[in-house]
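Novice: Feature annotation from TrEMBL assigns domain 'Neurotransmitter-gated ion-channel ligand-binding' to 9-209. The transmembrane segment annotation in TrEMBL covers 210-233, 245-266, 272-294. What TrEMBL records for 216-411 is domain 'Neurotransmitter-gated ion-channel transmembrane'. The region 'Disordered' annotation in TrEMBL covers 351-382. For 357-368, the entry in TrEMBL reads compositional bias 'Basic and acidic residues'.
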Amino acid sequence: PAPPAPALRRLAHYLLARYQKGTRPVRDWRTTTNVAIDLMVYAILSVDEKNQVLTTYIWYRQHWTDEFLRWDPARFDNLTQISLPVESIWVPDILINEFVDVGKSPHVPYVYVGHHGEVQNLKPIQVMTACSLDIYNFPFDVQNCSLTFTSWLHHSWSSPELVKFDRSVFMNQGEWELLYVLSRFQEFSVKSSDSYAEMKFYVVIRRRPLFYTVSLLLPSIFLMVMDIVGFYLPPNSGERVSFKITLLLGYSVFLIIVSDTLPATAVGTPLIGIYFVVCMALLVISLTETILIVRLVHKQDLQPHVPDWVKRLLLERATSLLCIRDRTKISQSRTQSSDISGQVESNDSTAKLNHYGCEDPRERERAGGTRPTPALAGQAEGSPLMHGVLREIAAIRQFLEKREEFRDVARE
């Protein structure tokens with residue numbers, strides 16, 4: 001006699017010999033087939049802000065009871081579970097409403113069936129769904145995208161159970177961080193006799209802003225700080241305008257580089273884009289202010305010369321009335337008169353000069369208006385005191401000559 005067939009083969013033949021996969025697997029049509037849905041978000045692959053598309057990778061599970069896939073384990077070597085081809089049995093038609101494209105999902109050809117008829121359909125899915133993204137707070141934005149599971153043929157579902165959020169399998173090393181996943185069951189009717197239900201999973205994700213802070217915000221702040229530091233440059237040096245123009249050109253190149261990084265959508269402008277525009281406007285205002293200051297500093301070069309009567313009034317009359325003296329010129333004239341004093345000592349005729357002959361009348365009046373007697377002058381000749389007085393007289397004479405030269409130059 002031929003050896004008996006393996007238990008798995010006998011069980012598969014027993015279950016699928018007269019199985020009809022085109023009808024719902026219930027013996028009484030009034031019996032409800034309860035389908036349980038569960039998912040785990042494994043990774044956030046990409047977020048396309050321009051096209052409003054979210055690409056995720058999820059682990060999707062379905063559970064239901066098939067009344068035609070039951071057996072006695074004692075007849076088949078105590079087998080309590082078997083894997084069957086998914087094309088050979090009935091599978092619920094549950095789809096995701098937000099699907100916009102077929103992702104590259106791996107094909108899982110089998111489902112697991114228990115001896116009580118429990119069917120488990122486990123498969124990973126790459127989901128490309130439409131999502132309304134709010135990028136106003138970019139790069140500190142939080143997005144809430146939904147995955148809606150519904151059936152297109154069957155009408156009503158049973159009440160859902162609370163889905164426990166599990167983040168243990170999520171790959172959180174990318175740009176986006178998974179905050180939580182919420183579920184909600186909603187039932188509605190289109191006609192009086194038909195009722196539909198849907199299960200929504202809300203995937204809430206948050207962008208990690210560190211990369212954008214380092215590459216976008218900090219360089220912009222540094223350029224603005226350098227613009228403020230540029231105000232410490234003297235306006236008459238000629239370097240402030242070129243420095244501001246260099247900063248403006250550098251900021252323009254910076255905006256060109258980051259233009260591809262900023263999300264481009266028709267919904268709204270991100271706040272960081274408004275920030276960049278304001279910074280650019282501040283740089284332009286700073287450059288305009290610098291040009292005006294330089295224009296005011298060099299405005300005197302473009303004005304006509306001061307009239308001669310104004311020069312005489314301010315340089316001669318006003319200085320005499322206010323007792324303003326240029327002490328630096330006096331000290332310079334004293335140092336230059338040291339050579340002249342040596343010539344005065346060698347010449348005896350210069351020793352007989354009158355002390356008051358080259359004095360200013362104001363100094364003579366301050367001294368009391370008295371002249372020394374010739375006897376006293378004769379006694380002072382040849383003394384060291386007289387030589388010092390002569391040196392002072394020569395210094396004062398040279399100062400007066402220099403002042404007259406300055407006045408002539410001022411008149412011209």
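For all residues, glycine too, the Cβ spot is worked out from N, Cα and C.
In the displayed structure, how are the listed features positioned relative to their neighbours?
Specialist: Remote same-chain partners of the transmembrane segment (272-294), defined as residues 6 or more beyond its termini with a Cβ less than 8 Å from a stretch Cβ, comprise 138-139, 212, 216-217, 220, 223-224, 227, 230, 235-236, 238, 240-241, 244-245, 247-248, 251-252, 255, 258, 262.
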Novice: Let me spell it out: take the transmembrane segment (245-266), skip the flanking residues so only those 6+ beyond its ends count, and list any with a Cβ under 8 Å from a Cβ in it.
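Specialist: The answer is 49-50, 52, 133, 135, 138, 212, 215-216, 219-220, 223, 226-227, 230, 272-273, 276, 279-280, 283-284, 287.
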Novice: What same-chain residues lie close to the transmembrane segment (210-233): Cβ under 8 Å, and 6 or more beyond its ends?
Specialist: 138-139, 175, 239-240, 243-244, 247, 250-251, 254, 258, 261, 272, 275-276, 279, 282-283, 286, 290
Novice: Mean pLDDT for the domain 'Neurotransmitter-gated ion-channel ligand-binding' (9-209), rounded to an integer?
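Specialist: Mean per-residue confidence for the domain 'Neurotransmitter-gated ion-channel ligand-binding' (9-209): 84 out of 100.
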